[in-house]
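Everything on this sheet refers to the single structure shown next.
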């Protein structure tokens with residue numbers, strides 16, 4: 001009972017850190033593994049679900065022909081059902097999870113009939129989110145095998161296979177439509193840059209590059225998910241997705257840092273401390289993208305995936321905090337300049353803009369890192385796509401806000417100030433100083 005409880009606790013711990021991916025066809029190898037419970041994959045089935053298992057190179061450490069092979073096998077279980085199974089084991093109602101009537105027994109090792117391989121096709125008619133689990137209730141036996149697992153739902157009159165979990169099957173369309181929006185934004189931005197080409201700064205071309213990379217990132221992610229949906233494999237589209245995801249991530253964080261420093265449109269250079277922020281953010285983004293690749297390409301319950309997920313979260317938090325520093329420094333510098341250079345209204349407008357940007361960056365980070373994760377946790381597996389859409393819409397809103405606030409202007413609003421506005425701004429700064437005191 002104790003090893004099973006530990007395995008359950010491990011299962012729960014992994015569930016907290018893992019954002020389960022699409023359950024495409026997976027290959028898993030076990031070599032002399034004595035764990036009593038091994039979760040393999042998770043999938044949201046409809047009423048026409050199927051599970052295919054192909055086992056090969058099966059080997060047991062104990063060659064005794066009288067072993068009870070009914071206590072070694074695979075089953076499907078929901079999380080709620082598994083918690084009740086643990087109670088059954090604690091009460092002595094069953095001695096092995098495979099004996100419980102609360103799980104769906106897929107197959108045990110008696111199906112091998114002495115061979116080193118066997119295949120199973122198991123229908124799933126009750127729609128729910130299930131975890132595929134391997135159970136070994138023989139404490140003195142270690143198992144070696146290679147497992148090919150494929151979970152899918154049958155759709156349409158032709159019963160075509162859909163390898164994307166229920167709740168994720170609409171993601172290819174979601175990503176494709178979003179990519180069209182970003183390509184449209186890129187076209188609009190090019191038109192704006194052309195119309196106001198006399199007041200365009202380098203940072204505006206940098207912003208265009210970020211939008212284009214985001215558009216390509218989404219179109220390749222749409223193709224990646226589309227091929228997985230139809231065939232269970234990305235067929236190389238995942239490589240392009242990772243490349244553009246890597247470029248987009250680095251460029252976005254770099255853009256936030258550059259805008260926060262006022263580079264290009266306020267000053268033509270970066271201070272040493274601002275360069276150091278970039279030197280921190282860019283390498284960390286490299287690590288974050290490596291972690292993301294490992295997370296996507298390994299089994300949802302693998303130990304390496306948990307470790308890399310923690311690395312990704314840590315690096316992401318550090319990057320999100322680091323990009324806020326240049327904005328804070330700019331706000332501080334503008335406040336000091338407003339008191340000393342006699343251009344209160346000019347600096348107040350700059351100050352207001354950077355304060356707004358600081359708040360929006362924080363809201364963007366909070367929503368895409370915390371709120372979206374909360375949506376993934378509380379929403380049903382059938383509506384997983386809603387959390388993805390919420391995160392993407394928040395990102396889109398952030399891009400639009402950044403472009404609107406920092407677009408090239410024919411008449412620089414920082415200097416189009418009359419005397420009354422100057423006096424009002426000076427009075428406002430004075431009131432703010434008194435309030436702080």
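Glycine is no exception: its Cβ is also placed from the backbone N, Cα and C atoms.
Sequence annotations record features per position, and here TrEMBL assigns domain 'CAND6/7 N-terminal' to 31-153.
Annotation comment: TrEMBL describes 172-412 as domain 'GOST seven transmembrane'.
The signal peptide annotation in TrEMBL covers 1-23.
What TrEMBL records for 174-194 (among others) is transmembrane segment.
Under the heading transmembrane segment, TrEMBL lists 201-220 (among others).
As annotated by TrEMBL, transmembrane segment applies to 240-265 (among others). Listed as Cβ neighbours of the transmembrane segment (240-265) (distance under 8 Å, sequence separation of 6 or more from its ends, same chain) are residues 201-203, 206-207, 209-210, 213-214, 216-217, 220-221, 223-224, 234, 271, 274, 277-278, 281-282, 285-286, 288-289, 292-293, 319, 322-327, 329-330, 350, 354, 357, 361, 402, 406.
Long-range contacts of the transmembrane segment (277-295) within the same chain, counting only residues at least 6 positions beyond its ends with a Cβ under 8 Å from a Cβ of the stretch, are 19, 21, 242, 245-246, 249-250, 253-254, 257, 270, 304-305, 308-309, 311-312, 315-316, 318-319, 322-323, 325-326. Annotation comment: TrEMBL describes 277-295 (among others) as transmembrane segment.
If you look up TrEMBL, you'll see 307-329 (among others) marked as transmembrane segment.
The feature transmembrane segment is assigned by TrEMBL to 357-375 (among others).
Per TrEMBL, transmembrane segment is recorded for 381-401 (among others).
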- Message: What does the DSSP secondary structure composition of the domain 'CAND6/7 N-terminal' (31-153) look like, as residue counts for helix, strand and coil?
- Response: 23 helix, 62 strand, 38 coil
- Item | the domain 'CAND6/7 N-terminal' (31-153) [mean pLDDT, rounded to integer] | 92
- Task: May I ask which of the stretches 201-220, 307-329, 357-375 has the most CB pairs under 8 A with the transmembrane segment (381-401)?
- Result: 357-375
